[in-house]
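These notes are about the structure you will find just below.
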Amino acid sequence: MTDYIAVDIGASSGRLILGRKNQQQKLELEEIHRFVNGFNKENGHDRWAVDQLIHEIFIGLEKAKKLGVEKAKVGIDTWAVDYVLVGMDGCKIQNPISYRDQRTHHAIEELTMDFPKEYIYKKTGIQFLELNTLYQLYKENKEDLKKTDRIMMIPDYIGYVLTGNAVAEVTNASTTQMLNLREGLFDKDLLAKVNVYPEQFPRLVESGTILGTIRHKWRLKYEIPDCEVITVATHDTASAVVGTPGQGDDWAFLSSGTWSLLGKELNIPENGSEAFRENYTNEWGAYGTYRFLKNIMGLWIVQSIRGEQNNKYSFSEMAALAEQVAPFQQFINVNDERFTNPKSMIEEIQNYCRETGQKVPMTTGELVSAAYCNLALFYANELEKLAKIVRQPIHVLHIVGGGSNVQFLNQLTSSLAGITVKAGPSEATAIGNLLVQMISAGEVANLYDARQLIADSFIIKTYAPEEDKYEGVLEKYQSFVQGRCLS
Ligand code: LRH
């Protein structure tokens, strides 16, 4: 029997999950290792400790060996847009800078002064976010860039350190905003604009490509199984969408974690003027699909509140406190850039409410209620826009990822949007990672069967809209945000 291991690393935590089909032909998961992730100030920037992440992967693989795994396939997915500059000696030049670092402030305005936004959008179909690799490279340290032989996205770099083989997997590469939709290659104009060359990127590969075995030097250092690394859908959101049990055509997804990624899977990119105006993105997915979506600030707000209170409450305790408070006491545009990396999230929320003449949330319950209510409003508002842009009705919203455990938020979303919400699985990203490995090994036939397998293997909770419960609230919110920039 083949064992499959998903290495799934998000901005706040990472995990190794062992997956197998059991005798009933259901997918079974076992978490074998979990670790924290986060960025730290180093040489003047917020940076990821990527060597530590790699060490944690080996610790997890050692645990797998102790559990009796002798041979395994391994897939690696992480967050998108960040990259490692690799020098001529094959080593990283510095620790990679986080997309939340301040360096890209105003970079979009600067870069698009002589490169119109429409032109970039037509080429790439990618939303304008300051965190995109394009703007990060634009602001890159020129000395470091001179020393750079290769530029690798984070999961590609990890795969390279593990196996010695370098590729650029398309789901993550597309988030650079430097892939040309029509040509299917890095766009020479855009690369030139940020002083990099196509040859600096490894060759582009599709999800499901075999990368190679783990290098001998690591096998001497760590007691790990025989591993073959598969280049899965290396962008965590791409894996999450593979791991979403949607069926038919009328569903949207919400991958709910540090970020909320709300959108629809498409077979043809949608990069017309309305998608451009609404700043929707066409990230490349596994098996020729596109993730047509919008980035929403997500649970980062609640994670930050929790961190500022020294993790005094668990997430479920925070949700319980929020439920005791009267909902919708204030309207907040959760996507305002001021919430991207504020000194204090709590103060930022309070200042926002003060400045807009609204009730200031003070207690933990009030703060979390403000966050969840406004996330749900944002989702409901976007779902309306999404259906219009893709010209298809949406009847079901699949919420996957850690956020799918927040029942309060699921119910609010269903009621405000007036549609059925199906919540789970919470480990959709790891599941999508495992399923691409299984498809490439021939154990699952295709994406359709993969999703059927998920529906058969995991408990999915359904929420129906509560009729008339929040009548008029969405409309009031919409008039509040009209005129304010709700990107
Ligand atoms: C979620 C995610 C998202 C990106 C962001 C940088 O983890 O990958 O899809 O936009 O991180």
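Numbers here mean position along the shown chain, with the first residue as 1.
Using the three backbone atoms N, Cα and C, a Cβ is placed for every residue, glycine included.
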Candidate from ASN22, ASN141, ASN295 that TrEMBL assigns to the same substrate site as ALA80, HIS235, ASP236, THR237: ASN295
Of THR258, THR340, THR363, THR364, which does TrEMBL put in the ATP site with ALA11, SER12, SER13, GLY14, ARG15, GLN303, GLY402? THR258
By Cα geometry, the one of the binding-site residues (ALA80, HIS235, ASP236, THR237, ASN295) nearest GLY14 (ATP binding site) is ASP236
Where does THR258 (ATP binding site) sit in DSSP terms: helix, strand, or coil? coil
When neighbour density is defined as the number of other C-beta atoms within 10 angstroms of a residue's C-beta, which of the binding-site residues ALA11, ALA80 has the lowest density? ALA11
Could you tell me which of these binding-site residues, ARG15, HIS235, has the fewest other Cβ atoms within 10 Å of its Cβ? ARG15
Expressed in Å to no decimal places, the gap between the Cα atoms of ALA11 (ATP binding site) and ASP236 (substrate binding site) is 10
Rounded inter-Cα distance in Å - SER12 (ATP binding site), ASP236 (substrate binding site): 13
